Amino acid sequence: MAVNEKLLHASIFGFYLAVMIRVVMIGNFNEPSSAGFFKLYIKFSSRFLTKWTFIMIFTYYSCMVLVHLLNLISGYSKISNKLRRIADTIFTVIVVPTGMFITPGFWITYNINRDLIFPTWLEEIIPGWVNHGVHTFNSILPLMDLLLVKHTFSPWPETLYYTALYFGSYMVCLFGTYFQHDFWLYPIFEKMTLLQSFLTCIAFVSMILLFHYIARLAGVKYGTCEVEMRQKKENHYSKNVSNGNVPLRQKNK
């Protein structure tokens, strides 16, 4: 491969480790001028989609660093391969498409009305490089990874299942927070009815699936990704690099 994936993953892991440490330290700083909003932010910070996605990104790169370490030790190839498959699922289903959704969504909203997503008082506790770490590089770095390192996309049924599981869980968190505390994590929902808020979330998930499809198509066309397909007549998985939508033919007996 043209790129040293060990060096790439270790470098990105180091960057996100620094971001993680700085994010954890936020609650230890003096309260900003808007102390009331700061307390709300600290209380509900773990419920924002950005935080969920950041945790998944950090989990992926932690897994990949561990995979590379296991590959240096003989006798751990099975564990390494299984861990890499899990990491690839996290990467292709959640990390890449959600990052592609969050980055433009955040910065478009920021430039229209920043108070809806990142008010000025947050700058007192969140440095610019941390903000870019979770809202800009969360898409740029995974896309670099996608186009430079070999990845395997799951079959569409698995992709849809894990997408529904992950974002269904987040919608429970989002609406649960509203019903429990009468408080929307995102002010934009305050201007909508409950039904409109739900339909907006469904539209957002549909956009994320579209980004997943674009990433899948780009990865296969670029030659760094393959799509794992389940054969209907055999109880195992087969990989088809050239086309991820056509089942492989059975071998002639």
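All residue numbers here begin at 1 and follow the chain in the order shown.
Positions of Cβ are set from backbone N, Cα and C atoms, glycine also.
What TrEMBL records for this protein:
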type     : residues : note
TRANSMEM : 7-29     : transmembrane segment
TRANSMEM : 49-74    : transmembrane segment
TRANSMEM : 86-109   : transmembrane segment
TRANSMEM : 160-181  : transmembrane segment
TRANSMEM : 193-214  : transmembrane segment
*How about the transmembrane segment (193-214) and the transmembrane segment (86-109): at least 3 CB pairs under 8 Å, pairs 6 or more apart in sequence, or not?*
yes
In the same chain, residues at least 6 away from the ends of the transmembrane segment (86-109) whose Cβ sits under 8 Å of its Cβ atoms read 49-50, 53, 56-57, 59-60, 63-64, 67, 116-118, 135-136, 138-140, 142-143, 145-146, 151-154, 158-159, 162-163, 166, 188, 204, 207-209, 211-212, 214-216, 225
Outside the transmembrane segment (49-74), at least 6 residues beyond either end, the same-chain residues with a Cβ under 8 Å of its Cβ set are 5-6, 9-10, 12-13, 16-17, 19-20, 23, 80, 83-84, 86-87, 90-91, 94-95, 98-99, 102, 106, 134-135, 138, 142, 170
